[in-house]
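Per Swiss-Prot, the features are:
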| type | residues | note |
| --- | --- | --- |
| BINDING | C1227, H1230, C1235, C1238 | Zn(2+) binding site |
| REPEAT | 514-546 | repeat 'ANK 8' |
| REPEAT | 742-771 | repeat 'ANK 13' |
| REPEAT | 928-957 | repeat 'ANK 18' |
Amino acid sequence: MAASRRSQHHHHHHQQQLQPAPGASAPPPPPPPPLSPGLAPGPTPASPTAGGLAPFASPRHGLALPEGDGSRDPPDRPRSPDPVDGAVCTVAAPAAVPAASAAVGVAPTPAGGGGGGGNNSASSASSPTSSSSSSPSSPGSSLAESPEAAGVGSTATLGAGAAGLGPGVPAVSGALRELLEACRNGDVSRVKRLVDAANVNAKDMAGRKSSPLHFAAGFGRKDVVEHLLQMGANVHARDDGGLIPLHNACSFGHAEVVSLLLCQGADPNARDNWNYTPLHEAAIKGKIDVCIVLLQHGADPNIRNTDGKSALDLADPSAKAVLTGEYKKDELLEAARSGNEEKLMALLTPLNVNCHASDGRKSTPLHLAAGYNRVRIVQLLLQHGADVHAKDKGGLVPLHNACSYGHYEVTELLLKHGACVNAMDLWQFTPLHEAASKNRVEVCSLLLSHGADPTLVNCHGKSAVDMAPTPELRERLTYEFKGHSLLQAAREADLAKVKKTLALEIINFKQPQSHETALHCAVASLHPKRKQVAELLLRKGANVNEKNKDFMTPLHVAAERAHNDVMEVLHKHGAKMNALDSLGQTALHRAALAGHLQTCRLLLSYGSDPSIISLQGFTAAQMGNEAVQQILSESTPMRTSDVDYRLLEASKAGDLETVKQLCSPQNVNCRDLEGRHSTPLHFAAGYNRVSVVEYLLHHGADVHAKDKGGLVPLHNACSYGHYEVAELLVRHGASVNVADLWKFTPLHEAAAKGKYEICKLLLKHGADPTKKNRDGNTPLDLVKEGDTDIQDLLRGDAALLDAAKKGCLARVQKLCTPENINCRDTQGRNSTPLHLAAGYNNLEVAEYLLEHGADVNAQDKGGLIPLHNAASYGHVDIAALLIKYNTCVNATDKWAFTPLHEAAQKGRTQLCALLLAHGADPTMKNQEGQTPLDLATADDIRALLIDAMPPEALPTCFKPQATVVSASLISPASTPSCLSAASSIDNLTGPLTDLAVGGASNAGDGAAGAERKEGEVAGLDMNISQFLKSLGLEHLRDIFETEQITLDVLADMGHEELKEIGINAYGHRHKLIKGVERLLGGQQGTNPYLTFHCVNQGTILLDLAPEDKEYQSVEEEMQSTIREHRDGGNAGGIFNRYNVIRIQKVVNKKLRERFCHRQKEVSEENHNHHNERMLFHGSPFINAIIHKGFDERHAYIGGMFGAGIYFAENSSKSNQYVYGIGGGTGCPTHKDRSCYICHRQMLFCRVTLGKSFLQFSTMKMAHAPPGHHSVIGRPSVNGLAYAEYVIYRGEQAYPEYLITYQIMKPEAPSQTATAAEQKT
C-alpha cells in the first residue's frame, strides 16, 4: 500500500515570510528552486515518485491520513508548539534562514504530488517554496528538539505583524508584540510592566493564535509563567492547532513549568486537534522527567491519537521504559526497601507502582516496604494505587511479609486497604500462619479481629494453631477465634449462629481494638432479629452495662441509633439509664444529639435524667434540636397532637397548602402513634403525593424512618408503583436495600407487584436482586408468572446471555447496557453474549452486540474467543462479521488451538477458506504439535491448507517442487520472450506463445515424448528407497533390498510377482503398481502420497536477469502502478517503492494448455475477441497457484463481487492481499502488515476477460453474469477507488510472472528535501 498522506494548503506559508530584525530591510524572497528531474508540474506524474508517492509529513507525523478522510479539515499551518512558530518570530541574520516557512513539521511535497483524497483525487499542489521548508528534528515528529533548532535564533524578534503576511491576515498590535517577545525571552520585569487583565489571554492573531502563556511555557520561562498565572492566564487556552500551554512545555522538556501548570489545573489529558496529549509530546521527544510528572498527575498513557497511536507507540526509545514501568525499576524498589521517600516519589507513577523485581522473589515495592516496616512508604504506595493483592514468586502478598516480621502498623494499614486476611501463598500459608509460627501475638490478634481463620491448613496439613510455638498462643488463638465468631454472629443478628458459637467463657469477649462485646454488636445490628439475639445474650449472662473503649454501654449504642426495640430489652435487664461515657454523656445525650424524638421520649419514660451535664457542660436538651428541647423541657410522654394528626392527614390527602402551614422542624417526622407509627413521608409516598414528598424532603423529612413493621417510605412508594416518588426518595439518599421486619426490600415489593420501571430504577441504584426475605425468597421468586420483562431484569446478566443464546434480538436490545455487554456466564464456560451468539449462529444479535461495543476478542474459560465458536460450528456469516470487527484470526485457546484448527477438524470448508483469505496461519501448531492440516477431516480442506502453506512448512509427501532455471542458461531461441525490446506494458499482452524449453532437457514435452530404452526408466531421478518412502511403504524396503529389485525391475512386475516376493497385502501391491505407472507416465499430483516430481509435467521457474528488458518492463509496470489507497496504509503497509528482489517466469505446460483452451472458448463466445489483460494478483495461495493454477475454492463469497478471483491493474492494490484480505495479520514472522524486512510475492498474470460486466456497487455472485465472462468493478464516489477485475473460472488466468519483493520504508522528509536539492 502506498504511503498515506494528508494534503495541506500552503498559502499561509507563502505569505508568512520571516521578518528581519528591527531596522533591517526585508530581503526579497528567493526564486523557487528548480524542479527535480521527473517532477514536472501537471496532473500526470512522470515517475512513481512524481505520482504523489513520496513520503509526506502530516501536521502531526510523517505518515498522514489521506485528504478527505473525514477526520478534520487540513490545517493551514503545520502543527507545532509556539516556540517554533515562524509566523511570529524572525531571525536577526536573514541570510542564514531560507525564505520558506520556519514552521516545523512541514515535509516537502513534489510538484503534482500531494496526498490522494478519499476518492483518489489529486490534492492541491504545493508551491516550490514549500519544498524547502524546515523539517522535524526526528522522523515522525512535528516538533523541533529546541526552539533554536527550529530556526529561531536566540536574537530573534517578533515580526512586524503586517509586513509579509499578505492580505486578510490581521496585524499584531505593538503592545501585544512586545509582550509576546518578553514572554518568549523570559524578561519577567518587562512582562510585569506590560501584562494586565485585558491582555493576559490575548491571542497572537497573526500567528498560531497563541497566548502569552503558550510562549512562556514553550520556552521554559518559569518566572514568567508564575506571574502570568497570578494575573489570571488561562491554562486551558488553545491555539489554532488545539494545543494548550502544557503541550508546549512538555514537548520541550520543561519539567518545572509542567509541574507548575499541572498544579494550576492544566489538564494532563488535554488533546489537540489530532488527539495528541501532552504525554504524546513528551514521549516522542524522550523527555523522561516530564513523562514521570505527567503520569504522577493522572496522565492516561492509553489515550490514542487520530492515527490510533498511544504515547508508548510513538515514544522515543529513551522514554519507552517510563511508559512500560521499567524505568529505574531497581532504584524504585530499593527506595521502597530502604524507606527513601524522596527517591520513591521522584520515580513513582501509576505504571510502576506495582512493578515486580526482575530477580529474587519478584517482589513489588509494597512487598519490600511491608517487609521492612516502612510505614510511611506503605502509606504512600497505597495512596498511589499499590495492589495489596499482588503476589511474588512464591505467591506471598504484602500482608504475608508484614505479618511474618510482626509489623503491626503496616498490617493494620494493609487490612484497612482491603488486603485479604486469609490469602494463601503457593504452599497455602496464610498471613496468620506466618504470624503464629513467628509468635507475633499482637499481629495474630489483629488478624483474627479482621476475620482470619486459624483452622485453615497449609499444604502440610498444619493450621495456624498447630504452628504456634507456645501453648499460650495456641490457647489465645482458639479463644479469640471463638470470640470473634460470636461477635460476627451478633453483628449479623443471626440467632442460629449465635446459639452455635455461644459459650460461657466468651459471653463477654471484647474486640481487642474497640472493646465491643457481643451485646454491643447485637444492639447496633441493622438486622431484624437483633432484639431476640440481645435477649439471648442477656439470658446467658452478658453484662448489660459493659463499656467499650469509649465507655459506651449497649444502651448508649442503641439510643444513638434509635434502636428502640432493643432499648426495651436492655431496660428490662437492668441497664443503667444514666451511665456516662468518656465524654460524660448519657444515652439521652446521644439520642438528643442525633435528633431521635421517639428515643428521647422512651428514655425519659425509663427514667433518664435530662438534667445531667456532660464534660463539655451541656445537658441533653442543649445538645438537641428545638423539637428535642421541647420534649425534654416538658419531660412527659407524648401522644399524637392535633397538629401532628392534621399534618399526617394532609400528607395522606396531598393537601400541600395545609402541609406547608402545619409542617415545622419539630413535627416533620412526627408519628402516627395510634397506627403503624408512620411519618408524614410514609403517607405521602404511599399515596403518590409527589409535591408533598418533595416539600417534606426539602424540610428535613427522614427518608430512613421506619414504621412499626420496619417499612421505610421507599417500601410504600415501590409497593404501589409510584415511580416519581421512588426516584425522589432515592435521590435524597434512601437505601435501596433496606429490609423490613420480614426482610422484604423495596425490590421485593416492586417485583411482587409487577412494577417494571421501579425495579429498573432500584437495580440502577444498586439494589441487590439476590437478597432473600424471611421465607427465603428472592425478588425473582416473587415475580408473577408472565411478567417476563421483570424476570429478565432481575436475572440480570443471565437474561442477556440467554437472549443472546436464543437469538432474541428484541430482548437483547432491551437488556443490553454498556456495563453488561461483556458480562460472563459464570456458571458455565465464562462466555460472553458474543460467544453465545457466535456459537448459536445468531447473526443479528452478534451484529448488534458488536455495534454496541462487545469485545470481539474476549476469551472464555478455555481461552476461546467468539471466532473459535463460529469456526467450530461452521457459521461463515458470523465469522465474516467478527473478522470485519478486527477479531484476531490467529487467536489461540489454552491448548493453542486457533479458529483454523477448529474449522479444519470439524470439516468446515467455507470457513477454512474465509480464515485463510484473512490471514489465518496454517502453520501454527497446538500443544500437541499439530497443524490444522494434521487435524483436517476432509480432502478439500486438506487441499486448501496445502495450497496455503509455504513449501518449507509442508510435510514431505505434500511438497510441490518447481524447477528453477536461470534464464542465462537457456538460449533466446529456445525460450521465446513475450516481451519486445520496448519496456511498455502493451508489449506484455501479446499472444501467449509455446514456451517449451528446448536444449536444456525438453522439460515441457513429457516423458511420453522420448523413447525409453529397455530396462531403463526415463527421466527418473530417485532410487527405490525414495520411491517407497514417497508411497508411505518404507517398511517394504528390506524385501526390495533382499530381492535386489530396482525401479526398472519393478516396472515389469505384476500382482503375482509381487506376491511371490512376500508382498501379500493387495493394497500395497496396488499402490506399487499404480505408483510406477504414474512415475513412467509423469502423472503428478493425482496421488497425495506420491512425492516425486517429474520436471516435464511440473512448473519451471525461469530466473530473469535484472538487465533483461523483460525483467525491466515487469519491474517498471510494478513500480509505476503504486497508488494511494483509502485505508491509510493499514492493509498493505506504508511505502512508496518496491525493492524487487527476483522476477521469475512461470512455465507450466499443463496450466498453459488449460489457459489457451479456455481463451479459445471465450474468444468464440465473444466475436473472436478474448480481451486479454496483464494484471496483478496478490494472495496467500501463490505457491499453489504457480503449481496448480487458480482455484475457485480459494475464493471468498463475501468479496465485493462474490466468490471470484480478483485482479488489479495497480500493484499496490494486489499488495494489500499478499497476506490475506485486508492484509490479514501481516507477515508470518513479525505479524506486521507494513513489514519492511520480510519478502513478499505477487503474480503478474495473463487474464482472459472476454465480455465484461461493468458493476459499480457490491454484488454477491458465485458465477459471472449470464452472457459474460468477467466482472469489472468500476470506481465510483462511494465505491471503489480503482478498478478491479474478477473472473469466476480459474483457467481464465495464467500466472505469467512470479515477483519476489519488499516494500520500502519512505525516506524521512529531510532526506527527501536534501536529495531534491542535490539533484537540482
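Using the three backbone atoms N, Cα and C, a Cβ is placed for every residue, glycine included.
Tertiary proximity for the repeat 'ANK 13' (742-771) is limited to same-chain residues at least six positions away from its ends with a CB under 8 Å from its CB atoms, namely 528, 709-710, 712, 714-715, 717-721, 723, 726-727, 730, 736, 777-780, 782-784, 787, 789-790, 793-796. Counting every protein chain shown, the number of other Cβ atoms lying within 10 Å of the Cβ of C1235 (Zn(2+) binding site) is 18. Among residues of the same chain six or more beyond the repeat 'ANK 18' (928-957), those with a C-beta under 8 A of the stretch's C-beta atoms are 898, 900-901, 903-909, 912-913, 916, 922, 1029-1030, 1032, 1088-1091, 1180-1181, 1183-1185, 1188, 1191, 1193-1194. Take the mean position of the Cβ atoms of C1227, H1230, C1235, C1238, the recorded Zn(2+) site; other residues of that chain with a Cβ within 8 Å of it are G1226, P1228, T1229, K1231, D1232, Y1236, I1237. Taking all protein chains in view, 14 other C-beta atoms sit within 10 angstroms of the C-beta of C1238 (Zn(2+) binding site). Remark: secondary structure over the repeat 'ANK 13' (742-771) totals 16 helix, 0 strand, 14 coil, with classes taken from DSSP. Broken down with DSSP, the repeat 'ANK 8' (514-546) shows 17 helix, 0 strand, 16 coil. Secondary structure of the repeat 'ANK 18' (928-957), assigned with DSSP and counted as helix (H, G, I), strand (E, B) and coil, comes to 19 helix, 0 strand, 11 coil.
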